[in-house]
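Novice: Below is one structure. I have some questions about it.
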Amino acid sequence: MGLLAGSTVMLLTVIWGACIIIGKCDLQDSFAIDNQDTKGFNLVGSGVSTDIWTSYSAMTMAISVLPFIVVQFPQIVHSTSGRQYLKTNAFGGLLDDQGQLNREVLYKLFNTVDVNGDGHLSHVELRSLVVGMQLNINLNEDDSVYKLMKEFDTSGDDEVDFEEFVTGIGNWLEEARLTKTHSPLAVSDTTNYIHDYYEETKREHYLLGDEGGEDEEHDEGDRDSHQTTIKAVLFLLLGTLVAAIFADPLVDAVDGFSTATSIPSFFISFIVLPLVTNSSESVSAIIFASRKKQRSASLTFSELYGAATMNNLLCLSVFLALVYTRGLTWDFTSEVLVILIVCIVMGVFGSLRTTFPLWTSLIAFVLYPLSLVLVYILDYVFGWS
């Protein structure tokens with residue numbers, strides 16, 4: 001998700017702004033003169049012009065963020081009125097005022113983890129407990145679920161009932177007291193962790209071209225258009241398949257590289273990977289922009305808007321399919337917020353005008369670091385993801 005957000009943000013900020021600088025021409029009567037660049041870096045006297053169809057592409061790109069709003073809406077509902085209610089009424093601490101286990105809270109937590117409602121926790125459900133509550137007492141990524149089952153399953157039937165669950169949690173709390181391990185179960189503010197996990201488990205371009213042509217070429221153009229459409233659909237299906245197949249290896253590679261280099265995965269997925277994945281769009285856009293013509297500028301920005309639209313529709317569809325089939329949790333409020341801000345700002349901005357003076361590139365350039373800072377603060381300071 002960081003890669004998807006980073007790719008969209010980079011296309012509409014850094015690359016968009018760079019194309020303004022590279023493709024700038026002299027502005028006369030608010031219109032760029034083809035192949036005339038004599039005013040240098042004049043913030044208001046030089047820039048680029050596009051045709052009206054490019055504005056429509058920008059508008060389409062802004063509208064394409066609607067799926068993000070749709071999938072985010074349930075989480076918005078839970079995180080406002082539902083969040084405060086749950087925090088104040090549904091869950092207390094794991095310990096009561098006398099320092100004893102709060103069985104009522106543990107029962108609610110047990111039922112939350114027990115997705116199928118059979119009164120027992122399986123290996124899969126215990127895995128969700130480890131991930132959702134970030135349990136880290138004597139556990140590591142390789143054998144955490146195995147150790148969890150071994151410690152909790154005192155009956156040896158490969159399932160954990162409620163009494164075993166209470167006993168296991170009690171043992172962990174005692175171990176936390178003795179070792180003073182800083183973990184969600186050891187600190188007093190356990191409500192936040194239980195509540196967050198409770199919510200998690202409940203939520204499961206067309207490039208422009210000249211129109212027309214001679215009448216006698218119309219039929220041939222229709223045939224070519226039909227073949228191009230079929231070819232495009234096949235490439236889209238192929239790209240979807242490739243993305244689905246290599247999604248897991250990509251994430252594993254990012255995690256491995258992050259661990260080996262001690263670089264937070266946030267920077268790799270949000271900054272480094274988009275440089276690679278956007279390389280084709282970047283090179284193509286820069287080549288078109290360097291021709292310093294209205295038509296080439298229209299192609300440039302239409303390609304950028306189209307790539308962002310594909311991210312918002314096709315790539316999001318692939319990602320949601322993986323979330324659904326793997327039973328993952330949708331919890332990417334910060335990334336979604338950044339995508340919405342950048343796409344709406346640049347989409348509305350691009351749809352309201354066809355001429356972009358050089359100063360407009362500054363807006364795009366400023367949006368990029370602001371997006372990085374916003375995602376970092378929301379994820380790592382406020383813990384939104």
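Note: Cβ is positioned from N, Cα and C throughout, glycine not excepted.
Feature list, courtesy of TrEMBL:
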type	residues	note
SIGNAL	1-17	signal peptide
TRANSMEM	56-77	transmembrane segment
DOMAIN	101-136	domain 'EF-hand'
DOMAIN	140-175	domain 'EF-hand'
TRANSMEM	232-251	transmembrane segment
TRANSMEM	263-289	transmembrane segment
TRANSMEM	301-324	transmembrane segment
TRANSMEM	336-352	transmembrane segment
TRANSMEM	359-378	transmembrane segment
Novice: Counting Cβ pairs under 8 Å that sit 6 or more residues apart, are there three or more between the transmembrane segment (56-77) and the transmembrane segment (336-352)?
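Specialist: Judged by the Cβ rule, the two regions touch, with the required three close pairs present.
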Novice: Same chain only, please: residues at least 6 beyond the ends of the transmembrane segment (232-251) with a C-beta under 8 Å from a C-beta of the stretch. Say none if there are none.
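Specialist: For the transmembrane segment (232-251), the sequence-distant neighbours (Cβ-Cβ under 8 Å, at least 6 residues beyond its ends) are 3, 314-315, 317-319, 321-322.
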Novice: Count, for each of 263-289, 301-324, 336-352, the Cβ pairs lying under 8 Å from the transmembrane segment (359-378), and report the range with the highest count.
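Specialist: Comparing 263-289, 301-324, 336-352 against the transmembrane segment (359-378), the winner is 336-352.
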Novice: Across the domain 'EF-hand' (140-175), what does the pLDDT come to on average, as a whole number?
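Specialist: For the domain 'EF-hand' (140-175), the model's average pLDDT rounds to 76.
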Novice: Are there residues at least six beyond either end of the transmembrane segment (263-289) with Cβ under 8 Å to its Cβ atoms? List them, or say none.
Specialist: 2-3, 5-7, 9-11, 15, 18-19, 22-23, 48, 254-255, 257, 296-297, 299-301, 303-304, 307, 372, 375-376, 379-380
